[in-house]
């Protein structure tokens, strides 16, 4: 099974009886099959209705006045007789239907009653429309009165009124342009052939951009399209006149000395403090950009178009280090403040797949369609995991009317909802996860993966909606070529399982009553109290890859990317004895040196030669293309020892480095060659993406762990800096 993208179809035929019968909370299962301590409330909104749909789905009401009566759209300021009015009696704002789709909105109120900051974080949470708010008097923009929601640069005029920064032009007073774009691509760091956002400093190559947001040849980045902005205490890049981009922190004027507040500034500007120099400056939104750890844009992989190399100085390097540390501390504080929520985000708990739209669930009522498994009721554990059940071997559940074992049949886990005892729990790094409450043996059934059963068209619509709101919590799972499971709005406890590059569970597709189902099975013995994980195998052709936080030794750093430490057989790796070797039993009890027993060392050496001969024979059967590629690679030298031989080649085109497996550090000997990145791209201390690579060896470091920052373009590790 793989998690993938697809197309979608709009839902119009949800049964009202199902909606009324759904419970609003999930209690622990009395039978013990599913136990949970937290109550999970269902979402009040229909998950299949878009937040950006027509006026009826938005909850607005059309103006019932005569066609001669004209009102002004609060967004575009143009008058029209066909407008949509906010359903609140106290609100007199009107909107065009097309204008309302461009704004964050609730099902029952217009955007002027929705906190934009809260909506961008949790679009499905109803709290963004509650509480005291500052409302802009010129546009449909509102924010909660708390500090973390207000956008810097907003001018507050009363307890409920304000003007957002979009209505000011401080650049006219300063004498510079409204927007100053970055001079490097935020993805790769290079500075040629960039395309620039028209509303903020964002800059990127067209080949690095996954979206094409062009309108009349004007490019708009995703942040501006979603109306995202910087907030107080954010770490940013800031630009002052002709000086270089410098890391800074956005400050609330209430928290700075009085003399700083009295510095000359204009409406729409906010205060930043530069790292290392500790200087203050009033700037505006067109001259700051979020400081993202992976997008600092200081140097590219080839060190050819090096932004840092041209303008390097010790003060700037120290400022970047302080900014990285401040960003890490801020994320840690935000995680600690979030704490341990009492219950997971709302969803509707179901026990089986729910078809949406034209999607169908297939059911076989004819007993002739089911094959007898050969098991009998008198057998020990009939149709069990260790039995010779024919249906189990074909990943098919037995039919109650055909299996001779009757009620004793143990191959009906899906039908009887016989799941392992599990519960959702809060993790420190991956939000909510799933924990087993009992020991689970290898190969045993854990739980079924169920949710909305949708087609590709509906799946594509849901993904597009999630992209518009910035939601990255995907729950899509391919069932077959025409159907996809979405456990986001509806599902069971399986939806809480996190991704891992070294999972303890796996997905299997089974046939149950004539239809395909997806089940989670234990990949290894799992002790009670462990977190249950599986490999998402996500296809990110439609979306930017997400960071992986599984923390395993095989972690690739990104969800959907193959793990680093897969098995590899090469001439440099130690040879393993055949399973049928006569000396295998003796070696288990005898003393071993470097993995080989002292008594049988000579015999093992002989076996090595035999294995090498077999490998040479097998290599002759490879295609001519593979032979040519192999000859070209063999001409390369190991980056560490500068000798040839059987090498691992970094798959990054801009790298070109190769290594012997023996030259890699322990734990990296078993590495796959089709999607492998060499250690030069990862910090030696924390395994994060590196920013400094030694010119003579694979040692690399991130900003947090680098020492001896170079004054020139070349960096040398402590071993070679002497």
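Note that Cβ sites are derived from N, Cα and C of the backbone, with glycine treated the same way.
Between the listed ranges 294-313, 314-333, 334-353, TrEMBL ties the annotation region 'Disordered' to 334-353. Residue counts of the domain 'PWWP' (232-294) by helix, strand and coil are 12 helix, 22 strand, 29 coil (DSSP-based). Secondary structure by DSSP for the domain 'Post-SET' (544-560): 0 helix, 2 strand, 15 coil.
Counted with DSSP, the domain 'AWS' (368-418) comes out as 13 helix, 1 strand, 37 coil. The domain 'PWWP' (232-294) scores a mean pLDDT of 88 in the predicted structure.
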